[in-house]
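Working notes, beginning with the structure itself.
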Amino acid sequence: MLEDQKKEQAAPSPEFFGSNKKVIQPVKGKKKNYFIKHWQIYSMLIPGILYFIIFKYIPLGGIVIAFQDYNVFNGVFDSPWVGFKHFKNLFEYPEFYQVLNNTILISLYQLILGFPAPIILALLLNEVRKMMFKRTIQTVLYLPHFLSWVIVGGLVISFLSPSTGLVNEVIKYFGGAPIFFVQEPEYFRGIIVSSAIWKEVGWGTIIYLAAIAGINPELYEAAEVDGAGKLRQAISITIPSILPTIMVLLLLKIGNILDLGFEQIYMLLNPLVRDTGEVFDTYIYRVGLLGGQYSYTTAIGLFKSVVGFILLVGANKLSKKITGNSVY
Amino acid sequence: MIKQSFRQRSFAKFNYVFLTILSISMLLPFFHIIAGSFSSGNAIMQGRVSLWPVEFTFDNYRAVLFDKNIWRSFGVTVYITVMGTFLNLFFTSLMAYGLSKSNLKGRKIIIIMVLFTMIFSAPLIPSYLVVKSLGMLNTLWALMIPGLISAFNLIIMISFFQNIPQDLFDCAKIDGCGEYRTLWSIVIPLSMPSLSTIGLFYAVAHWNGYFQALLFIRDQSLFPLQVKLRQLIVESDAEQMIQTAALTVQSIEGIKMASIIFATVPILVIYPFIQKHFMKGAMLGSIKG
């Protein structure tokens, strides 16, 4: 079953990319009527197109306020133009570099530790032969994905609390002094990265398990006959077979390197850990939306989008050259 | 072979032990919170609660369940989840059906337009200003309309609709079905499993999200559950509950724990039912590749 689905889904049907099978070649006379003849279909597209224009493309146009001194009373059309002033300010503020530094560091930790975790877990899960055990474990591992960051944040805060938390009880048991983890700047990044892994590692395995299920079992049989152990099989068969999946997910991760989830970090952020914990998303919310510096934070937002775009396109090109895999 | 089988067996053992420990680590924080939520404030403050309730009490739950505000927030969340998911599915499937016609003129441009929004997203402030200028601030529409169609779910749904045999459409045409009728009577019933998976993704996002509400909602009475819960945990809203439930200040941690459980229970209740769906759903994700 898994295999079937995988095959079905893995390759979008050729029509998806508009293959020219059955393309209606309108004769000149009929051209005028084409839209009228298919008005029903086009009328179905109108709400969606309007949605994308209003909520995705108009905000893209709204980027112009990064080059203005936008204020609410004048609006986009009457606010004075200031060119690259906000971008110059941006690169002069030490605060900006701090936020950039935090964002990149947390993202890198998540990439280095969080990205391989579900791959390893999927490899281990794949070796489990007792179906009941496997199913139970999977049920438990997927559960945290469905909890909101508010709930997970609440769990983290109470789990690490100095007076009542389980972790500090263990520390106290061994004679250590309790640590107020969520208020210590040096622990913040570690807490963010590990709680993100805790929440998503199980869920992340699904896609790899599906990819593994699509591998031809004869490869393993042959390897076993040749005397290859489990580790050898994993390195020489499983990982190369799921490499395309790994690459695509890695590329998407790299494209999102400056987009750390707002909801997770904002939940645990407090003034005491701002030095190590403030990232772009929370900074834009605090300074831009709450502080009213619309133009300045839009400049940051544009910087973020452009960097993300360049990273994705660049990494994609690189990957295409080296491994032959790409997102598009 | 025999030499290996010992290694294999020890690996298998290690594997089972490791996975079991990992699963326990997923559940441990819950047990801790559940135990705390049934314990008295004193016991929690003195750090006597680990995985089993101490000085068993329902006081914490009494404080949470008799709070009118948390029920109002619960209602708001139920409303945006049901209504929002319905709107999501309606408009996503409408657009997906149109775009699943591979010979439609202009289709490619529209798909490129959709894909572009996935790799280059608009900054926060302009998006906020658009919602504001539409007069949606402080209304529940702001929690449903700005995320009406997810580009990713749209693409998945298009490829679903394209897997339906073309013959069916031809038959429908011969029988005189218009496009709307075809969508409603043929495509939707045939795609029920995939629609419910995508609906599940939308619903979970509505239920769990709080960023949108943080941005767009100022009115306390319109706060969804997650925002309310956040105030309870991070800000000092729990103190208010203590007063209304006539409890001592010591109960604050217990009340926080009880409200976390209160917000988790609905997910735990439906989790077994949705599990088979999302297994399928997450694999749809591999369409990316």
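Glycine too: its Cβ is placed from the backbone N, Cα and C atoms.
Taken from TrEMBL, the feature domain 'ABC transmembrane type-1' covers B:74-274.
Residues or ranges marked as transmembrane segment by TrEMBL: B:12-35 (among others).
Annotation source TrEMBL lists transmembrane segment at B:76-97 (among others). Tertiary proximity for the transmembrane segment (B:76-97) is limited to same-chain residues at least six positions away from its ends with a CB under 8 Å from its CB atoms, namely 140, 143-145, 147-150, 153-154, 157-158, 160-161, 179, 183, 187-188, 191, 195, 198-199, 202-203, 206-207, 222-226.
Cβ atoms under 8 Å from those of the transmembrane segment (B:109-129) belong to residues 99, 146, 151-152, 154-155, 158, 215-216 of the same chain, restricted to positions at least 6 beyond its ends. The feature transmembrane segment is assigned by TrEMBL to B:109-129 (among others).
Nonlocal intrachain contacts for the transmembrane segment (B:141-161), taken as residues 6+ away from its ends with a CB within less than 8 angstroms of a stretch CB, comprise 80, 83-84, 87-88, 91-93, 95-97, 99-100, 111, 114-115, 117-118, 127, 131, 187, 191, 194-195, 198, 201-202, 205-206, 209, 212-213, 215-217, 224, 284, 287. Per TrEMBL, transmembrane segment is recorded for B:141-161 (among others).
Annotation comment: TrEMBL describes B:182-205 (among others) as transmembrane segment. Within the chain, the transmembrane segment (B:182-205) has long-range Cβ neighbours (under 8 A, six or more residues past its boundaries) at 81, 84-85, 88-89, 92-94, 97, 147, 150, 153, 156-157, 160-161, 164, 168-169, 172-173, 274, 277-278, 280-281, 284.
Taken from TrEMBL, the feature transmembrane segment covers B:257-274 (among others).
Below 8 angstroms of C-beta separation, residues 30, 33-34, 36-37, 44, 60-61, 63-65, 70, 200, 207, 225-226, 229, 232-233, 238 of the same chain, each at least six residues beyond the ends of the transmembrane segment (B:257-274), sit close to that stretch.
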